[in-house]
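Asker: Below: one structure in structure tokens.
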Amino acid sequence: MNKVKSMASRQQNRQIRYGITEPISLVGPTELDVIKTKALENYLQDAGLYESNEEALRREEVLGRLDEIVKTWIKKISRDKGLSDETVEQANAKIFTFGSYRLKVHGPGADIDTLCVGPRYATRENGFFGELHRMLSELPEVTELHSVPDAYVPLMGFKLNGVSIDLLYAKLPLWIIPEDLDLSQDSILQNADEQTVRSLNGCRVTDKIFRLVPNIQSFRTTLRCIRFWAKKRGVYSNVSGFLGGINWALLVARICQLYPNASPNMLVSRFFRVYTQWRWPNPILLCSIDEDEGSSLGLQVWDPRRNPKDLLHKMPIITPAYPCMNSSYNVSASTLRIMTGEFQRGRDVCAAMEAEQWDTLFEPFGFFEAYKNYLQINISASNVEDLKKWRGWVESRFRQLTLVIERHTYDMLQCHPHPHGFQDDSRPLQCSLFMGLQRKEGVEAGGGEPFDIRRTIEEFKQTVYGYMLWVHGMEVSVSHVMRRSIPSFVFPCGVRPLGNLKRTRDSKSSSEQRVSSTVSSSSTITSCERRGGKKRKLGGDETLTDQLRNSKRVAVSVHVENGEDGSPNSSAGSICSAPMKVGESHPVEKIDIPQDSHSQESEEVEDNFGFRNQVSSKDAFSKGAVEVEELEDVPMQRPVVMPKASVQLRKPIIKLNFTSLSMTNAKNLRAC
């Protein structure tokens, strides 16, 4: 019976075209594909990505309770407004869901994205964030209530009977909200304010996706897999400049359109194949952007021909519902490079995968092993409530730090922001964000001058301190920390991995070897001067750690290799510091990352990062003419890890200078 339904579905898909182009392939799964799909589903089940029936029932009960609360709220609002008894009796507000819960790809403990739709007399400021917030705060089953009225999409967050809820509000120009309200109609946006349009967009996009994919079940399984992969590989975070839930959903939906009869395991493989070869910034479109659609509403849609800002988008993924927007405007050059590398890795893993070997694809990315140098952003406040607000604000600005570093260094200094923050249990009123740093490959150092990012850091801090709700005690600091000195609280259970410890020992050994090669037989360490400056004698039994602790100004050359799992390339360098101890972080002053003469960048990667294919015509983005032509299965080269050169022959690659500029001249800076 299932085979008959599957054959009927494939026959239907042959007659219906999904998306803006013809499908790449109509081939269905083989017996091996069926086995791989079953293994994938079992893997996702064992990974705990599906909630239990009891939890699903509890979520439904919570949504029912939330619907009761907003209906009580709107009747109180209507009475307070002095409306007629008939209007009060008919007063109604309605709850809609969207996001992962509406797509049915959520996991245990995930929050529920909800939308409250109210009538014209229930305002956002006084009604939603005023009266409704007060009502929720008085309910014993509501905990962790907080409002974010100044967000791009204003919302309230709270837990209702232990279930996390993100609640948005849309005020429609209607006196009565009908129970059978259809949000998919464009007329619902008539006379709606900008915040309402944004709030409605989540529900409208979710409903549109369901109508644009050929097989919803295959779409859900594939999306659940890709979301899990993205979280494991550290590229799931809209706030940090990567992609969020809706972005990954649109990318997977496009693959489902291109391979309408494929099984989930096939779709996962094609996902990495297609996006490895995709010529960004060509946009991802699930349907054409009709210029006449909703023209009477006058809302701005994504159109690089008319909106110059749209030409600056690195990785446009366009929402299918009117008004069509770029859902991935947060992506920067650095985060695009990182995601492109992860697509390539996923393609290589899938190509070499056997029937049941899904573990390799989902191996976590070793962020704290991939780079030698990091920025650490410490966020602190005087109490837990202030820290929660302050942390949310700083995290929302974290992406700006990546952008200003790229801009001020002309994209030569690449940044890799970690998508999540870390909490030190010993400091409950402080948390930390981290960012990896490396010089762009293929770019030669200019005259040995370091990157001076002090102004960049100050610009970021000024932006952060512009928080409208800032109070005394909210502080943020930015400092440099080396891989060997990464605090233990970032690792699971507070234990540094053995591989990281081994690299730390290797790095220390390399440092000791390089130091010893530049001094006399009695062992000396130079200050921030070229070979032959002032030297200090060291005892033969003194360790490198003792040397660092006892020195007032130390230059330590360090070495960074490519990550063992294909992680971003880092380089070697030296650190010139004021009085310091191993394990401490230091204020950032200058960063210099000369090009490693041994590293090479493949022509293929250069082509992917060239950004030469700008959207310049209507056909380019509304008809999707370029998409299928670029998707041939071209063999891709694996990243080549060059053998480690002799320590003595390598030039310093990363140099972070923490000495006072007033105490050093230009010659000393170049020597560092």
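Cβ coordinates are placed from backbone N, Cα and C, and glycine is handled just like the others.
On a predicted model such as this, the values are computed, not experimentally measured, just so you know.
Features from TrEMBL:
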BINDING   Phe98, Gly99, Ser100, Asp111, Ile112, Asp113, Asp166, Tyr236  ATP binding site
BINDING   Asp111, Asp113  Mg(2+) 1 binding site
BINDING   Asp111, Asp113, Asp166  Mg(2+) 2 binding site
COMPBIAS  512-527  compositional bias 'Low complexity'
DOMAIN    19-213  domain 'Poly(A) polymerase nucleotidyltransferase'
DOMAIN    218-363  domain 'Poly(A) polymerase central'
DOMAIN    367-425  domain 'Poly(A) polymerase RNA-binding'
REGION    501-552  region 'Disordered'
Asker: Within 10 Å of the Cβ of Asp113 (ATP binding site), how many other Cβ atoms are there?
Answerer: 24
Asker: List the helix, strand and coil residue totals of the domain 'Poly(A) polymerase RNA-binding' (367-425) as derived from DSSP.
Answerer: 29 helix, 15 strand, 15 coil
Asker: Hey, what's the Cβ neighbour count for Phe98 (ATP binding site) at 10 Å?
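Answerer: Cβ-Cβ neighbours of Phe98 (ATP binding site) within 10 Å number 25.
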Asker: Average the pLDDT scores across the domain 'Poly(A) polymerase central' (218-363) and report the rounded value.
Answerer: 92
Asker: Name, in the order they occur in the sequence, the residues of the same chain whose CB lies under 8 A from the CB of Tyr236 (ATP binding site) and which sit 6 or more residues away.
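Answerer: Once residues fewer than 6 apart are set aside, Tyr236 (ATP binding site) is near Arg227, Ala230, Phe242, Leu243, Gly244, Trp248, Pro419.
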Asker: Relative to the Cβ position of Asp166 (ATP binding site), how many further Cβ atoms are located within 10 Å?
Answerer: 18
Asker: Counting every protein chain present, what is the number of Cβ atoms, excluding its own, within 10 Å of the Cβ of Ser100 (ATP binding site)?
Answerer: 22
Asker: Which chain neighbours of the Mg(2+) 2 site, leaving out Asp111, Asp113, Asp166, have a Cβ atom within 8 Å of the mean position of the site's Cβ atoms?
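Answerer: Near the Mg(2+) 2 site, the remaining chain residues are Gly99, Tyr101, Ile112, Thr114, Gly157, Ser164, Ile165, Leu167.
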Asker: Can you break down the domain 'Poly(A) polymerase central' (218-363) into helix, strand and coil residue counts using DSSP?
Answerer: 70 helix, 6 strand, 70 coil
